[in-house]
Structures are given as C-alpha cells and as structure tokens.
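Report on the structure given below.
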Ligand SMILES: NC(=O)c1ccc[n+]([C@@H]2O[C@H](COP(=O)([O-])OP(=O)(O)OC[C@H]3O[C@@H](n4cnc5c(N)ncnc54)[C@H](OP(=O)(O)O)[C@@H]3O)[C@@H](O)[C@H]2O)c1
C-alpha cells in the first residue's frame, strides 16, 4: 500500500499565493473555510447563491461573502462545495462565463467531473481534494487536533502544479494529520457512491428495516425489535471503526459471532447481484443522470422517498424509545 503523506511532508505555499473562494457554506464548506483560516490561509472568500440562508452564518464567522460570479472573477482557485447535483448548473450559469483565466477548480467528490456535469477548459487545473467523511467531522476532528483521511487526484494539470495545490488544500483542512493518499476521480466517485448506496446508508437501512419488520411479524414488540435492529447499530459500528470487523467479533458474544458467520454467506449471495448492478448503474453515468433529472424536477423523487421512509413504523418505535431513555439519570 502506498504510504500516506502527512502535514510535515506538504508545503502550504500553493494556498498562500492564491486567492481561494469556497462555493457553498454547508457542512463541508464551513468546515473547510474555518480550518483553512486556522491554518493561516488568508483572505478566504465564501461564495453563495443569491438569497442563500447561509450568508448570515458565513458573515458571523468573519468571512467576506460574495456572489458566485464575483468569486469566479476574483479567485485564483474555486473550491466547489455546493451540492453535487447542482454543480453543472452552477458551473454553466455562474462560473464558466465569468472565470478568471487560469483559475483552478477543487472538488471534494469525483462525481461531477467523472459523470460529465462539469467539463473544465484546458487552462483550468482541476483537482480532487476529498476529505473522506461528513463535513461536520472535518471541523470537529480538526478542533480536537486530528483530521479526516484525504484523497487527491488530478483531472487537468494546466499549470504543472495541480497536484501540489490538491495536496496543500488537503493539508490546509487538516487531512495531513490523519494521512493523505493519491487516488483518481474515477476511483473516488465509484467507491464513495457504492459505499453509501450498498453499505453505509442504503444497505444498512434496508437491513435494519427488514430485520425490524421480520421481528414484528414474528410477534416481537416494536420497541424490542427497534432496539435489536437499529438502536444497537451504534455499538457495533463503533467497535468496527476502532478494531475492524475481526476485532468486533472478538468483542461480542460467541453466540452472536457463530450465528453471524452462518448467515453471512447467504446474505452476501443475495445482495452481490444488487451491488454489481449498482456498480454498472454508477459507472455508466445512469445514476448521475437520474439524480440530476430529479434535481431539475425540484427533487420530487427524493422528497417522495424521504416522506415514505419517515412514515415507516420503525420511526415511531424509535421516537418513543428515545423519549423514554435517559430519564433515570440524576
Ligand atoms: N468525498 C467525500 O467523502 C465527501 C463526503 C461528504 C461530502 N462530500 C462533498 O462535499 C460537497 C459538499 O457537501 P456538503 O455535505 O457540505 O453539502 P451540504 O451541507 O448540503 O451543503 C451544500 C451547500 O451547497 C449549496 N448549494 C446547493 N444548491 C446550490 C445551488 N443550486 N447553487 C449554489 N449553491 C448551492 C448550499 O447553499 P445554501 O447554503 O445557499 O443552501 C449549501 O451551502 C459535495 O461535493 C459532496 O459530495 C464529499
């Protein structure tokens, strides 16, 4: 495995000589802007859409807030931290016709370049600087002296310094404290989307709901079913995070481990074809097309799916449980 780079290996120079604009002030945008400033990067601009609800927060944090067009005219590098599905529209309507010649583009996810939402011109250093994890954790881990793992890649290298910029950016947001690895837009985009759809979010939620439904159908109370299929997930996830899957097995009962080894085979067998179809759907660009089309329809599909999920019986059981727990504390 390639050795990671750490803070001491990386020169922040490419950031200090450029004016940097962060587009979007959501979970990642805010954390990146604050961490970069704390690492001594001066004059970071925050660029927001007209009427953005995030303007007051960015100003309260002490940043100069500008329109995206103004950032495109002024900045030497844009870090696009707005919602992925809006990247094509932001680029076409607010950046492409305004950008300073030679302006670099930094992305935190391979999605919009890999699936063709943005096609930067040849004078545009285009790099991936992906902090792997939720935006809030970029800030919270930094404040504790740590950082998230970072991956960098170069899509276009007009200046000959694109890689140095990506590495400096990752070090600037704190990833140099954890470790910084080289990747590619293709690898990061597929791994990120497959991971979230198949395992971390889609797969985990499907397993939890199916487990809950199966227990309730078997006559178990919703409260008990919720505890055993959802509530306890955190303890297992924490063990896996700290010790890996094999280490987690060592920390649970032999009964749980023996039974789990028996059923893992059939479960894997059942889901593997679904996972393979996700790989095909993502790499063909079909998933990106459907998601951008839904965004263009006002996220109708997302909103309907979200409402359906919120109405599941599991949620009522969880609300009731959370309302009851912890009341015995003195
Ligand atoms: N590689 C990884 O592991 C990883 C993990 C998580 C996230 N990310 C990436 O980080 C980026 C940001 O994610 P996030 O979690 O910070 O998202 P977020 O919290 O939802 O924030 C999104 C920001 O995008 C802005 N935005 C949305 N639509 C816009 C539009 N049409 N025009 C202009 N601005 C718009 C929002 O603006 P308002 O404030 O005005 O509403 C908000 O500030 C994404 O590219 C995401 O893929 C990468």
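Quick reminder: no glycine exception, Cβ is built from N, Cα and C everywhere.
Just so you know, TrEMBL annotations never went through curation; they're auto-generated.
If you check TrEMBL, you get these features:
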DOMAIN    1-183  domain 'KARI N-terminal Rossmann'
DOMAIN    184-328  domain 'KARI C-terminal knotted'
BINDING   192  Mg(2+) 2 binding site
BINDING   192, 196  Mg(2+) 1 binding site
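Look at the Cβ of each of the binding-site residues 192, 196 and count the other Cβ atoms within 10 Å; the largest number goes with 192. According to DSSP, the secondary structure content of the domain 'KARI C-terminal knotted' (184-328) in residues is 125 helix, 0 strand, 20 coil. The average pLDDT for the domain 'KARI N-terminal Rossmann' (1-183) in the predicted structure is 97.
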